[in-house]
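Quick one: the structure is below, questions incoming.
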Amino acid sequence: FPFSYAVSRKIEPFYKGGRVQVNRDGKFMFCPCGIKLNIIDIETGAVLHSLEQDDQEDITSFILSPDDEILVTGSRALLLKQWNWRENKCVRTWKAVHVAPIASMAFDSTSTLLATGGCDSTIKIWDMIKQYCTHNLKGSSGVVHLVEFHPDISRLQLFSSSMDYKIRIWDLNSSKCVAVLSGHFSAVTSLAFAADRNTLISSGRDKICMVWNLKTGETKRTIPVYESVEAAVLLPEKGEFSQLGVKNQGLHFLTAGSKGILKIWEVATAACVFTQAAPFEPVESKEEASERSLTHCMLVPERNEVVTVSVEHNIVLYDAQTLQLRKQFAGYNDEVLDVKFLGPADSHIVVATNSPQLKVFELATSHCQILYGHTETILALDVFRKGLMFVSCAKDKSLRVWRMNKDGQVICVAQGLGHAHGVGAVSCSRLKESFVVTSSQDCTIKIWNIPESLTSKAKAPLISSPETLHAQVTERGHNKDINSVAVSPNDKLIATGSQDRLAKLWSCSDCSLLGVFTGHKRGIWCVQFSPVDQILATSSADGTLKLWGLQDFSCLKTFEGHDASVLKIIFVSRGTQLLSSGSDGLLKLWTIKTNECVKTLDGHEDKIWGLHSNKQDDMVVTASSDSCITLWKDVTEIEQEEAQAKQEEQIMKEQELSNLLHEKRYLKALGLAISLDRPHTVLMVVKAILKEIDGRKHLEENILRLRKDQKEALLTFLVTWNTNSRNCHEAQAVIETLLKHETPDCLLQYSGIKTAVESLLPYTERHFQRLSRLLQASMFIDFMWQNMRLADASQQEDVTL
């Protein structure tokens, strides 16, 4: 049996908004996440480091220098911090001198000057080598949200833009604003300098891009882009971009904005020469779909990729020559409502977050596919046995069937309409990919047949639009919301669990009611068939799990132990154990035979809505409202092996210890007894040393040769010995040695010295008092004896006389 699971991986939010940066060699990506700045390995998606502000304030802005050496972050606490990011160390902290948080930062091309634009309308320039503020530029209005140095550093020019929509050019020799480029009617979002150093392209939220001649300060051209533009990026003139409609010489640039797709524009003709195909249905309405909007875009020459960031915190890497998607990261999942393993070898997971899009993560690379189709929040998922097809159901009253191709691409092959309310639960047939059962807030259950042409056996269809499914059978099942539905392993029975505290068993062929399970005191959250026995498991808001017999509908067992609602249950270890998840973020593992909870796992901060095990029964995935997805590995065998190895090592050491004592090699024996953490054994060694001739001297020599950490351990042991009058002499002998040979300063460095002294004092005083009494008593005996001898002597004298 598994008695223990350990976290093997966590998929957590790593990006919560703001600008993202990729380092020079294209291996790492820097993503702000509240009070942290996460450094992501682009290949695996793993978080390499998490740089965290000590002041626990949000990071408002950050920048990595062009030479990759200096990383600077600015926080709401108005401090700037410089990091050695490879080693996760803060090297320097200084006051930003701004009176409001920093909104933007930029380095010059030599990585020596840093410009910071503040929410207080000022710009400061810092010499990063000499570490002082060189300029304080005033004159902007409102937040300075954009600062850029001219790439030709000999010009010493800084460009900035603030809330008055103008672009200011500052001469750093005179610290004056030498030109103002006005033409935009909304916020300027990016500046791009052409290779000739005299042409500038600016993009704005006023749906235009402007091309400026920097010699004259005039506009050469205004290009209407028809969407709010968040970034304009110039294509390198040397590159080969013919697949992106680039036919002629001359400047071309890429725009990213509110429509969520990339476009290529030719400066000379102001024409759009290429538009990227959208992965989602274009929105027909006049209002732009703000959730699709891109907020950031950049070219990473080293990877030959374009990186875009969306409002929904998705970060996408496209091939620079074709704009084909290469990799996608999901930076932030909202509440996670369900999760399942996917793929024939469980290589992926499919996740329903609090949104109409599904996310499919490839576990090895963290690549995330985003599946569009539903129009409202997806509530539940289930996967067919082979792992290539799965079903989702949502608040939009529909279900959708999805299919994964050999290369891991997922497409929607069918959708089912017919429920009157949101569809809250779904279960797939177990033997073949033949049908799906759904239940809804309209209190009905529906059975949907899946045509063979859609199954994973059939050839991959060249479907442009999903097929429509119709329910074969509809049955009103309960009087309240149906929270869960399950199909039996032989595909003949259906179980449902409802808010009305009842679970019911139905026949699959005609949806006729076979029986009712009554006994829970509150609504039922989950029902599950045993994979091996004719048993149904249910979990409820009353904090219990129950097992029911399918023959007579009687309750066989009740498991009590959760302090909160039990939201999900699954059978593990081939049906011999149950794993349950609660609304308090705890998982519990139960052994059915003994009725006991063998392990409680604390992995989440909030309700665990998703719980699923893989086909091999050695991994479990959980998903919670705290936005985290956790993968658990069965570590029972590993833990047992470790415990056994520990036990064997202990026995070997004990044998070695008795050999050392026999051979009178006391120093080694002391060291070994200390490493075994056995105070009594150490005491026996000390006693053995003191029994020798010149024992005190030997003890001193041996103690002085111990390491500092061993002496610290010895100090904690002797505190215990000193409490017993039988062992206090050994304790005092060791104390004497330490006090004699260690300086007070040195003793003060010992860990736990304060508590040791506090514990030693009263007992030592008591021993001392006992010795004093003993001494008095012995003196009295001596005195008596002397007196008796004197009396005896005088009697003898009388006799002789």
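Cβ coordinates come from backbone N, Cα and C, glycine included.
Copied straight from TrEMBL:
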type   : residues : note
DOMAIN : 654-788  : domain 'U3 small nucleolar RNA-associated protein 13 C-terminal'
REPEAT : 95-128   : repeat 'WD'
REPEAT : 137-180  : repeat 'WD'
REPEAT : 181-222  : repeat 'WD'
REPEAT : 371-405  : repeat 'WD'
REPEAT : 416-458  : repeat 'WD'
REPEAT : 475-507  : repeat 'WD'
REPEAT : 517-558  : repeat 'WD'
REPEAT : 559-600  : repeat 'WD'
REPEAT : 601-633  : repeat 'WD'
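Help me see these features in their spatial surroundings.
Residue counts for the repeat 'WD' (95-128) by DSSP state, with H, G and I taken as helix and E and B as strand, are 0 helix, 19 strand, 15 coil.
Cβ atoms under 8 Å from those of the repeat 'WD' (137-180) belong to residues 103-110, 113, 115-119, 121-125, 186-191, 193, 197, 200, 202, 204, 206, 212, 214, 217 of the same chain, restricted to positions at least 6 beyond its ends.
Across all of the repeat 'WD' (181-222), the predicted model scores a mean pLDDT of 93.
Proximity of distant same-chain residues to the repeat 'WD' (371-405), defined by a Cβ-Cβ separation under 8 Å and at least 6 residues beyond the stretch ends, is recorded for 279-281, 337-346, 348, 350, 352-360, 411-431, 433, 436, 438, 440, 448, 450, 454-456, 460, 466, 469, 615.
Helix first, then strand, then coil: DSSP counts for the repeat 'WD' (416-458) stand at 3 helix, 20 strand, 20 coil.
Sequence-distant neighbours of the repeat 'WD' (475-507) (same chain, 6+ residues past either end, Cβ-Cβ under 8 Å): 424-432, 434-435, 437-441, 443-447, 513-518, 520-529, 531, 536, 538, 540, 548, 550, 553.
Under DSSP, residues within the repeat 'WD' (559-600) fall into helix, strand and coil as 0 helix, 26 strand, 16 coil.
Same-chain residues lying 6 or more positions outside the repeat 'WD' (601-633) and placing a CB less than 8 Å from one of its CB atoms are 2, 5-13, 332-341, 346, 349, 351-352, 361, 363, 387, 567-570, 572-574, 579-589.
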How about long-range neighbours of the repeat 'WD' (95-128): same chain, 6 or more residues beyond its ends, C-beta under 8 Å?
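Apart from its flanks, the repeat 'WD' (95-128) reaches 60-63, 65-67, 69-70, 72, 74-76, 78-80, 82, 134-138, 140-149, 151, 153, 158, 160, 162, 170, 172.
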What same-chain residues lie close to the repeat 'WD' (559-600): Cβ under 8 Å, and 6 or more beyond its ends?
1-5, 522, 525-526, 528, 530-533, 537-547, 606-613, 617, 620, 622, 624, 626, 632
With DSSP, how much of the repeat 'WD' (371-405) is helix, how much strand and how much coil, in residues?
0 helix, 20 strand, 15 coil
Tally the residues of the repeat 'WD' (137-180) by DSSP class, grouping H, G and I as helix, E and B as strand, and everything else as coil.
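When I sort the residues of the repeat 'WD' (137-180) into the three classes, I find 3 helix, 21 strand, 20 coil.
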